[in-house]
């Protein structure tokens, strides 16, 4: 009969998880309709207690607050967590529940759980006669193992402490391809100087470039022994986390035996020890003195501790090193894993690990069919980790220009980010290798269980990868054409070399004005390129224009993104140059407009004053008097000789309106015609910046000089025509061949009736 308290623990956990799922669904709806306004500032403790549902609601809000701040949503892990995940979480609840048991009962329970879990793990991963240490930090097990070896090799360590190191300094050896920062962490925790850490380079001539150089290691050990040092421990790899590199464990085992060294192994490939067929390189790991396992990652179990299996016959040594403990609560760290292993069973555990290896093999086979994709680690074809990268060296038939390593790294970095966004279920990660540079890593043993990766996801990954590779190949092929076209537009355009940009390239429009100080010139260049970028972004095209990466060194540039193979680079560059000239000329016209208008107003005031004086001389004083002037004008109208004036904005001068009112149209003006190259002048069905087909090449050419002349507009009223001309000037300031003279009429010469009205107004 099951204890009712245990049933209540399981019930409470189920209710809490249900509240979390419901709160998550509601929060997603609230986030879409109303942005979050919660604050992360801590508040005072409430005077009255709150119920559990309210506390869980507040806790769920804190989770979403952290996600919004970090921009890394992780709720999909809670959604995808299966029943085995709930069992693992139940183990933590039960571990806390057992603290209420009496001491003797708790001791027996903890010992049984620890012994059962240790036995199951040793048999599952073929590690005979081993003991287990469960720890939260993956590096903690290795720290305890180092303490064990120090106690075993230095007999007086327990009494004299670190003073024994003055006679023989211990040395810990690790591979250059090992986990970054692991050796420094060991020295820090053990109180050893960094001189006790020896990093062994990888092979440079023979063998894999990521395997430890055994010949060099043997030489280093010999030199340390001759200098009075004590070789203590060797850390070997059985599949680095994102590289999958495995050292030659058999030879390292023999070398350690010869020098009385402890051999410790870690890596993701250790999971394959549970399979029926294991490679000889990985099988050699069961002969090591200790190895660290991460079953929580391999099986998709949340909050499961790492496990270090080791062999040590003296229990006193293990107790002194901290590998064993008399505390029952420390032994109960194994309880979540104890529950999970029983829930899954041997067959399900093997199935999960086998699925991860099948995913890797399938992807490796699919990648061989893709051009411009290079797979790494060809000497480790059975590794569950797949490394691949975009490289044009794999397709020598293509006439590509040389791609620099920095540019290749940026392209692969962009490719990895796109795959992670568009095919997130595969868990593809971007890694940096010392020799190969930036590449993509697919390690399903670390991600497949959490993300639920299946064989169908690999098909989607390969399909998306094929699309992106074609886009990258066409972009790299057109980079040199883009550069040559920009150089032909020098000094209007400047090509900016930025190998960190994974696109067609970057360009800057240069200011053509002379005699300007450097600071003012820099401001104008920034302003023009900013407006040019906005204008290019408003175009209806698939090409992405941006300001480039935030960490980029180049400023005031326009970065052109990925392009397809049918892009007309010449037209693209011409449009950029044309838009830049329009923006510069428009800005120059606006700058000069203020001065022109000011001078024109002053000149107009002088002309009006002069005309008023002439009018007074012609008409006399009597006609200026109220009533009297109206009567005189009625009986004896006066034909005034004063002419009206128009203000020509283009020329900045005052002209007479005699011609305007005599013909009712501005003479000598050619019809308005837009001569600016427009990117919208395309054949039907032809995209922007796309090369026309062969059939349409003979029919139309971009920016052709043989355009059908437009018909002249019909005659309009002078004011309407003047307004239209002024609008044309504002929109197309670069039209130097069209002599448009927008006129502003200040004073018009009219008929006698209009003159009488003027005099009547003056009289009034």
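In case you wondered, yes, glycine gets a Cβ from its N, Cα and C as well.
What TrEMBL says about this one:
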type     : residues : note
COMPBIAS : 20-35    : compositional bias 'Basic and acidic residues'
REGION   : 20-45    : region 'Disordered'
DOMAIN   : 398-475  : domain 'PDXDC1/PDXD2 second'
DOMAIN   : 485-588  : domain 'PDXDC1-like third'
COMPBIAS : 654-666  : compositional bias 'Polar residues'
REGION   : 654-764  : region 'Disordered'
COMPBIAS : 695-709  : compositional bias 'Polar residues'
COMPBIAS : 725-739  : compositional bias 'Polar residues'
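Across the domain 'PDXDC1/PDXD2 second' (398-475), DSSP classifies residues as 50 helix, 11 strand, 17 coil.
Across all of the domain 'PDXDC1-like third' (485-588), the predicted model scores a mean pLDDT of 86. For the domain 'PDXDC1-like third' (485-588), the DSSP counts in helix, strand and coil order read 44 helix, 15 strand, 45 coil.
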